[in-house]
Amino acid sequence: MKSAVVSVFILVILVAWPVSAGKDLPGEGGYGGDEEEDTKSWFPLDNLLSLSYYDKICPNFEKIVDTKVREWTKTDPSLGPALLRLLFHDCGVTGCDASILLDHKESERRSPASKTLRGFELIEDIKSEIEKSCPGLVSCADILTAASRSATYQLGGPYWPNAYGRRDSTNSYARDVEKVPSGRRDITGLLETFQSYGLNILDLVVLSGAHTIGKAYCGTIQSRLYNFNATHGTDPSIDPKYADFLRRKCRWASETVYLDATTPVVFDNQYYINLQNNMGVLTTDAELVKDPRTAPLVKAFAEQPPPTFRHQFAVSMAKLVNVGVITGEDRTGEIRRVCSKSNSKRY
């Protein structure tokens, strides 16, 4: 009981963040204003990014992104969660530098671990449209950042202010994909990875909440269902009825299952309630509720109203999208003409 009370207290403190300020919400007079000092305090990881970066050089940037995301997700709603996953895989390797979008031999995109990633064509479509209005000015890294937020917001998730000015990486290596947290990692391994990004245990629990939407391929969980710990049985920590459902659903590795079985298309805190009820799909989901370092936070998010989770998700996302960015002062970056190809390198 004491740990749960402490975790709720932590949540109350950390959600007190300027994202709720009226001027930073869509439709309320812009995306952050011109107060540079405010920008510096909100984005401590890289002060070279700016909330007003495209206001003069490409004022329709976010409108184009929002329109394209809406068009594509209307036809294929699964692209919303896919874009968020694509962003995680980009930021989780060498930082938010659009390296995941490069398509050449032995690139991150060609790694076996990336084969289920989707949304590349949508990002290219956005880039093509933006090049008509603002040629050579908008990076693919900024496009991916904006598109992921737009998709999350359109799914009922939170809005957060994005600072822009990223450059695109010219390098991408398949071997680096090993850095991305997998669904089979333990909590210690996940924490070490998040800490290397400058993120903390709260960010880990909150960003795992992205599993409130989207699906997982059954191939990632079949070992939990049919051969747990080489026993030819099912992970006993899964609720028996839910385990039976998953076994029937996941006979083939290519099948998919919702990460949130209760409200799969609603961006809410049901994911944490499911974890409390032993209905986590991935190994990492189940570990969050078992580990004494993360279990109190899972319990707190499960018991708090959904806006508490959504607000904190915005805070953690605003931190994540600043991880390892390349800016105009870095000579290693560029603004790609096509997101899948480097301007300066031939592979």
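Counting begins at 1 with the first residue displayed.
Using N, Cα and C of the backbone, Cβ positions are placed for all residues, glycine too.
Annotated in TrEMBL:
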ACT_SITE  His89  active site, proton acceptor
BINDING   Pro181  substrate binding site
BINDING   Thr212, Asp260, Thr263, Asp268  Ca(2+) 2 binding site
DISULFID  Cys58-Cys134  disulfide bond
DISULFID  Cys91-Cys96  disulfide bond
DISULFID  Cys140-Cys339  disulfide bond
DISULFID  Cys218-Cys250  disulfide bond
SIGNAL    1-22  signal peptide
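Mapped onto this structure are the features recorded in TrEMBL.
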residue : record                       : contacts (Cβ under 8 Å, 6+ apart)
Cys58   : disulfide bond               : Ile130, Ser133, Cys134, Leu137, Val138
His89   : active site, proton acceptor : Ile100, Glu108, Ser114, Leu117, Val177, Val180
Cys96   : disulfide bond               : Leu87, Asp90, Ala141, Leu144, Thr145, Arg166, Leu320, Val321, Asn322, Val323, Gly324, Val325
Cys140  : disulfide bond               : Ala98, Leu101, Ile123, Lys127, Asp168, Ile335, Arg336, Cys339
Thr212  : Ca(2+) 2 binding site        : Leu259, Asp260, Thr263, Val266, Phe267, Asp268, Asn269, Gln270, Tyr271
Cys218  : disulfide bond               : Lys249, Cys250, Arg251, Trp252, Ala253, Ser254, Glu255, Thr256, Val257
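In this view, the densest Cβ surroundings among the disulfide-bonded residues Cys134, Cys339 belong to Cys339, judged by other Cβ atoms lying within 10 Å. Shown in sequence order, Ile213, Thr262, Pro264, Val266, Phe267, Asn269, Gln270, Tyr271 are the same-chain residues outside Thr212, Asp260, Thr263, Asp268 whose Cβ sits within 8 Å of the Cβ centre of the Ca(2+) 2 site. Cβ neighbour count for Cys91 (disulfide bond) (all protein chains, 10 Å cutoff from its Cβ): 26. Listed binding-site residues: Asp260, Asp268; maximum Cβ neighbour count within 10 Å falls on Asp260.
A sphere of 10 angstroms centred on the C-beta of Cys250 (disulfide bond) encloses 23 other C-beta atoms. Within 10 Å of the C-beta atom of Thr263 (Ca(2+) 2 binding site) sit 17 other C-beta atoms, taking all shown protein chains into account.
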